[in-house]
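Asker: The structure under discussion is supplied below as structure tokens; questions concerning it will follow.
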Amino acid sequence: MSAKETIEKLKKARIITALVTPFKENGQINFEAFPKLVEDLLASHTEGLILAGTTAESPTLTHDEELEIFASINQLVDGRVPLIAGIGTNDTRDSVEFIKEVAKLGYIDAGLAVTPYYNKPSQEGIYQHFKAIATASDLPIILYNIPGRVVTEILPDTILRLAQLENVIAVKECTSTDNLAYLIENVPEDFLVYTGEDGLAFHAKTLGGQGVISVASHILGQEFFEMFAEIDQGSIQKAATIQRKILPKINALFSVTSPAPIKTVLNNKGYAVGGLRLPLVACTDQEAKIIIEQIEN
């Protein structure tokens, strides 16, 4: 799929859910848990899915497992919403080879490429890393800027430089409202700016951004949909009321390292998403109690 075709599809995708990976008690992927979860997400206004991203515990998934997830979700979704595959690592060569493999599948709309972690590259190294991935195949990529997890930040001017590449079509920006505003003001016309911070979904949309790539939309998709509808209609105060209502719930979902809280909530709601793979661990009983109380409040 060409960059232009994917951009047109993503223009309809304001709420993209970063999908969790369900696990069985033995640590294997629970593919049987996907159908109910995915169908309920689509019914509650998820307009795109991130597969094998941070929320999916991608650092502990093998590429073979990721490919199995892609195939499973593609069969379930059947073209109803865009599918974005996590393809990035801190190894440029590995990322290039994997995006080539993913591009051959034919049903993935874009790749999500995270800033190289641990290596601490310079801005030039970051640029060259993403350029190598973007030019390795026809599959367009979304930049994933999340310095809170990877330490290194893609500075706004580096994002603007990368945005000039035909196959770099969007950014998942997990920094500040200042950076969101600067990017939205200065990126090329068809370059899409998403926030990756659930608590900044209101801010990103009111600033003119595309929307949110979200963890909280596993359970708050309807609320995000209603908030964005109010913003689109110019009813900022009504949208702000929704933002104030959901913010404590969003904060609860990040009170412990994600995705432990969202998995706690989903398990409590009857979705068999199971536990986490080490080195991540499940919420303690006390943490889970507080999180569930806040969500149900």
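Each residue, glycine too, has its Cβ placed from N, Cα and C.
Here the structure is a predicted model, which means the values were calculated and not measured.
Okay, so Swiss-Prot annotates it like this:
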SITE      THR54  site 'Part of a proton relay during catalysis'
BINDING   THR55, ILE213  pyruvate binding site
SITE      TYR118  site 'Part of a proton relay during catalysis'
ACT_SITE  TYR144  active site, proton donor/acceptor
ACT_SITE  LYS172  active site, schiff-base intermediate with substrate
Asker: Non-local Cβ contacts of THR54 (site 'Part of a proton relay during catalysis') (under 8 Å, 6 or more apart, same chain)?
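Answerer: Same-chain residues close to THR54 (site 'Part of a proton relay during catalysis') (Cβ under 8 Å, separated by 6 or more) are ALA18, GLY86, VAL114, ILE146, ARG149, SER258, PRO259.
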Asker: Give the helix, strand or coil assignment DSSP yields for THR55 (pyruvate binding site).
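Answerer: The residue in question, THR55 (pyruvate binding site), is helix (DSSP, three-state).
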Asker: Compute the C-alpha separation of THR55 (pyruvate binding site) from LYS172 (active site, schiff-base intermediate with substrate), stating it in Å without decimals.
Answerer: 14
Asker: Measure from the CA atom of TYR144 (active site, proton donor/acceptor) to the CA atom of LYS172 (active site, schiff-base intermediate with substrate) and give the result in Å, rounded to a whole number.
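Answerer: That comes out at 5 Å between the alpha carbons.
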Asker: Taking the Cβ of ILE213 (pyruvate binding site) as reference, which residues of that chain separated by at least 6 in sequence fall under 8 Å from it?
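Answerer: Once residues fewer than 6 apart are set aside, ILE213 (pyruvate binding site) is near ILE16, THR17, ALA18, ILE50, LYS172, TYR194, THR195, GLY196.
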Asker: For TYR144 (active site, proton donor/acceptor), write down the residues of its own chain that are at least 6 apart in sequence and whose Cβ falls under 8 Å from its Cβ; none is a fine answer.
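Answerer: Expected: GLY53, GLY88, LEU112, ALA113, VAL114, THR115, VAL171, LYS172, CYS174, GLY196.
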Asker: Within 10 Å of the Cβ of LYS172 (active site, schiff-base intermediate with substrate), how many other Cβ atoms are there?
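Answerer: Within a 10 Å radius of the Cβ of LYS172 (active site, schiff-base intermediate with substrate) lie 26 other Cβ atoms.
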Asker: DSSP on TYR118 (site 'Part of a proton relay during catalysis'), three-state: which is it?
Answerer: coil
